[in-house]
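What follows is one structure encoded as structure tokens, with my remarks underneath.
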Amino acid sequence: MKLAILSRNSKLYSTRRLVEAARAQGHSVRVLDPLRCYMRISTDGFEMRYKGAPISGYAAVVPRIGASVTRYGCAVLRQLELMDSYTPNSAAAIARARDKLRCHQVLAARGIGLPVTVFGDNPDDTGDLLAMLGPPPHVVKLNEGTQGNGVMLTEKLSASRGAIETLRGLYANFIVQEFIAEAKGADLRCFVVGDRVVAAMRRQAPKGDFRSNLHRGGSAKAVRATRAEMDTAVRAAKILGLGVAGVDLIRSKRGPLVLEVNSSPGLEGIEAATGVDVAGTIIAHVASHGTSPRKRERNTDLTDS
Ligand SMILES: Nc1ncnc2c1ncn2[C@@H]1O[C@H](COP(=O)(O)OP(=O)(O)OP(=O)(O)O)[C@@H](O)[C@H]1O
Ligand SMILES: [Mg+2]
């Protein structure tokens, strides 16, 4: 099968592993940098080119679209979908998953556990907003933060107010959550492919921190997720329309709570911690859906992206 990996950099671990896995399973595979794909859109047909040569005939594409290129990357992916390539994560689903507030709203509405979350715009409402959340400690998070940057634990109401005022002053978007103390600085990354959790790892914060991000010195080890955790992760990915997702959960007294659903989850940490050939699983999943492009239902979701 002719496969494409949509990725900015063929040297990245995840990209390399997907290429390796595709070759090992007998596919022809090419890494396409989305920013080098360009296209002609017309009612009489589409044309996409890559570094001067036409692109066509990819049975399936595995998107690895970083947050900084979401818009252009999704436009390229949408075009490939319109040209009948299968993708486990549609452009519409990736764009939706990138909007954290929206994900919280949609997942909560469907009964998925989440830390109680508040957000508001006007400084006059801060007092009432925090009253709606409940007593501190609180976790104040920048919407655009990653790798634990911009995630603050505030033990007192005055500290929550201070953090919020500072972020408002910087015109930053943020949310405020209840602090799940019983998670004890650990979270659980469930790697979902199709309707299964294929690998799971527990990340533990270094001493003195509550953030378990590996970039902040957290440590990872393989764990068996519980049935409830696996169900939550698979359902969350499904609700957002993602066939491949990294679902981050924390363990709370009231069961698993979703922190984030990542549409381009990295492979290095999870493969190293668990020894699972996650790349191979993704390729096998994609190949099983990309087999007959003519007969396949077009999965392009153009209703809202
Ligand atoms: N409400 C909370 N209660 C307890 N711990 C939390 C809470 N929110 C986050 N944490 C801890 O802080 C870490 C970082 O938070 P989070 O994952 O939300 O932000 P991020 O990693 O910076 O961004 P993202 O994962 O969205 O790219 C989590 O992995 C978790 O260990
Ligand atoms: Mg995180």
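Placed from the backbone N, Cα and C atoms, the Cβ positions cover glycine too.
Per TrEMBL, the features are:
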- 104-287: domain 'ATP-grasp' (DOMAIN)
- Lys141, Glu178, Phe179, Asp187, Arg211, Ser212, Asn213: ATP binding site (BINDING)
- Asp248, Glu260: Mn(2+) 1 binding site (BINDING)
- Asp248, Glu260: Mg(2+) 1 binding site (BINDING)
- Glu260, Asn262: Mg(2+) 2 binding site (BINDING)
- Glu260, Asn262: Mn(2+) 2 binding site (BINDING)
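The 6 Å Cβ screen around ligand 1 retains Asn213, Glu260 from the binding-site residues Asn213, Glu260, Asn262, ordered by sequence position. The two recorded residues, Ser212 (ATP binding site) and Asp248 (Mn(2+) 1 binding site), show a Cα separation of 11 Å.
Counting only residues at least six positions away in the same chain, the Cβ atoms of Pro115, Val116, Leu133, Gly134, His138, Val139 sit under 8 Å from the Cβ of Glu178 (ATP binding site). Non-local neighbourhood of Lys141 (ATP binding site): Gly150, Val151, Met152, Phe174, Ile175, Val176, Gln177, each in the same chain, at least six residues away, with C-beta under 8 Å from its C-beta.
Among the binding-site residues Asp248, Glu260, Asn262, none has a Cα sitting within 10 Å of the Cα of Asn213 (ATP binding site). A gap of 15 Å separates the Cα atoms of Phe179 (ATP binding site) and Glu260 (Mn(2+) 1 binding site).
For ligand 2, the nearby binding-site residues are Glu260; that is, of Glu178, Ser212, Glu260, these have a C-beta under 6 Å from one of its atoms.
For Asp187 (ATP binding site), the nearest of the binding-site residues by C-alpha distance turns out to be Asp248; the candidates were Asp248, Glu260, Asn262. When the Cα atoms are compared, Asp248 (Mn(2+) 1 binding site) and Asn262 (Mg(2+) 2 binding site) turn out to be 8 Å apart.
Between the CA atoms of Asn262 (Mg(2+) 2 binding site) and Arg211 (ATP binding site) there is a gap of 17 Å. Comparing Arg211 (ATP binding site) with Glu260 (Mn(2+) 1 binding site), their Cα atoms are 14 Å apart once rounded. Confidence across the domain 'ATP-grasp' (104-287), taken as the mean pLDDT and rounded to a whole number, stands at 95.
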